[in-house]
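Data block below; observations after.
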Amino acid sequence: MAAESSLRVATPTLCNLNGSQRRPTTTTLSPLRFMGFRPRPSSHSLTSSSLSHFFGSTRIHSNSSSSYSSISRQHAPRRNFSVFAMSADDAKRSVPLKDYRNIGIMAHIDAGKTTTTERILYYTGRNYKIGEVHEGTATMDWMEQEQERGITITSAATTTFWNKHRINIIDTPGHVDFTLEVERALRVLDGAICLFDSVAGVEPQSETVWRQADKYGVPRICFVNKMDRLGANFYRTRDMIVTNLGAKPLVIQLPIGSEDNFKGVIDLVRNKAIVWSGEELGAKFDIVDIPEDLQEQAQDYRAQMIENIVEFDDQAMENYLEGIEPDEETIKKLIRKGTISASFVPVMCGSAFKNKGVQPLLDAVVDYLPSPLDLPAMKGSDPENPEATIERLASDDEPFAGLAFKIMSDPFVGSLTFVRVYAGKLGAGSYVLNANKGKKERIGRLLEMHANSRDDVKVALAGDIIALAGLKDTITGETLCDPDNPIVLERMDFPDPVIKVAIEPKTKADVDKMATGLIKLAQEDPSFHFSRDEEINQTVIEGMGELHLEIIVDRLKREFKVEANVGAPQVNYRESISKISEVKYVHKKQSGGQGQFADITVRFEPMDPGSGYEFKSEIKGGAVPREYIPGVMKGLEECMSNGVLAGFPVVDVRAVLTDGSYHDVDSSVLAFQLAARGAFREGIRKAGPRMLEPIMKVEVVTPEEHLGDVIGDLNSRRGQINSFGDKPGGLKVVDSLVPLAEMFQYVSTLRGMTKGRASYTMQLAMFDVVPQHIQNQLATKEQEVAA
């Protein structure tokens, strides 16, 4: 946690680290690096001897798994297996890299991600039976909290095989509180399946994960799930993909029936119908002619599909204009080309719970999503020269390079570090370089994960997603590489907490255990922070929402046997400025012996929302010697965590060092650091300081008879109603923006107003200015606490 627990300054030089070519390199500063609360001690500094002081003492590869395209009447045999792609010969592959697919499954909560994954594992032979989320038996939801609540909390990885292809799958959460799990999964994946509920269509968290996939340039296919549900509408969902996501859907399947009459799909690529009879848990299906009443519709959609894809091949375009349709293989090749280039997203449909449509989805993963070889070479920077770009091809013959994207505590193995191998080979017992820290680490064991179970492997090759045991200093987002060929890959941005609560153990005997638990949980989850507030003598935990912190407290109890008292939730406010100010500050101290002298002029400028903090030097002619500028940077950086109004972090500010002077004897880095602190206090006060609060996008789905009550309640919470919509069943959708401070315990109020018939989703939309009267209350409260 050390690197994630400390504040970091991004200078123009540091901003130019190149990452994957899929993601455009940007020189804008990440606001997330400067939005932590009070300075948090490094978790690595909390040794067992210092814990009490910190917390205070007052309180198989199966070849028979085949594509549906091979025969007309299919029954895909399943068998449990334990043979994986890693052969005994370390230097050889059993699956070529071109046949690798590293994919994630992402969607809004309850769209059916884990249910779909369970069917994939069953039909590919990875599991011998189907696990169900509602029964708490889903393989990928292995945590007790996941099984009890029926939701995915942590991303889980597994490996399976289909049609002689190796598919590494990461199943991700859908709840907004656990969006970090989606972020770090997408950072290391090559493709994704985006699921949509055919009744609800594109939901708020669907939009969030779609933007995350856009951010990392991840090619994806869409699967409109739950076609068997009352109110299912494939075509409305297709339209919402256009209007809500701004994407270009390419329909390659049509549903045959819907709701209780959903029987199968029309495959527009083959121009055939695929029908499931319900036998053998969906393993049996028939490939038949398209029903007569759907032939005209199928012809129209097939023509639209072909018109869109022939644009990617001149010869195919010429033939099509001459009346010659491309054959099936050419159609697949062109769909694959357009998918990988993100020109469109193929759209399919089915019902995972009813075991319909999953095998064609697996074929689409193989046919349309990229292998590591289909993507540009991974780019990184030279640790010794951050402006120098280094490339790593996806090849076993390249020097090893991998990215740590997840830390997990295993009760039997200890700490596990999940790594995506981009290039080269890695063997158990070998040494790797942590390029971010410049430290060598020894690999204890290499483990291939299947949810929370594991299998030892001898070697990891390019394209693999592997768990490493034995690493002590590596954290999420850091690069592991060949010690003789160092490279730093682009890190991930971690969302900053928006909510905090005070926590303390119920007994003094649990102080050390709670400290140990919090450290381990923070190592696993970079969006979870904790700190000791000495002013109020409390430990404060911070997270992405009430559910997030509720799970943290529950894990403390279950995994670390710590009973804790938890305070009321509090909002993580920010501070910023509204105008430019420039201040000259002289730090002078003479008390015998060498004195202290530093003279600086700093200009503070407001930046666009979400810009974070930026430092810039405009010193010319050596007015402030180069060796003293880091002192100014450090002094300003330290102050950014503690604003002048109520002690909240300062964001969206650029500090420009414009002038200054020094003394040959009395000046030092420390003197300029102290001068920077003084300049910060004076400059920010003159720059129109203001407080910002998190504003949440709140979507409420309610029966029409309760619409007035819902709107009135949102208005009373300082809410801004943006729009209304309709959903099947006489339901109304209210889209609004509401301050997070007004949303605590909203679920109880909503249930009471609507007799339990309404539901809502909430996610962070932006930070906005706090009304003056509330700002005054917060400032007064902070002053009372400080006193």
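Cβ atoms here come from the backbone N, Cα and C positions, even for glycine.
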14-34, 56-76, 707-727 - the one Swiss-Prot records as region 'Disordered': 14-34
Assigned element (helix, strand, coil) containing Lys113 (GTP binding site), judged by DSSP: helix
Cβ packing number for Ala107 (GTP binding site), 10 Å threshold: 29
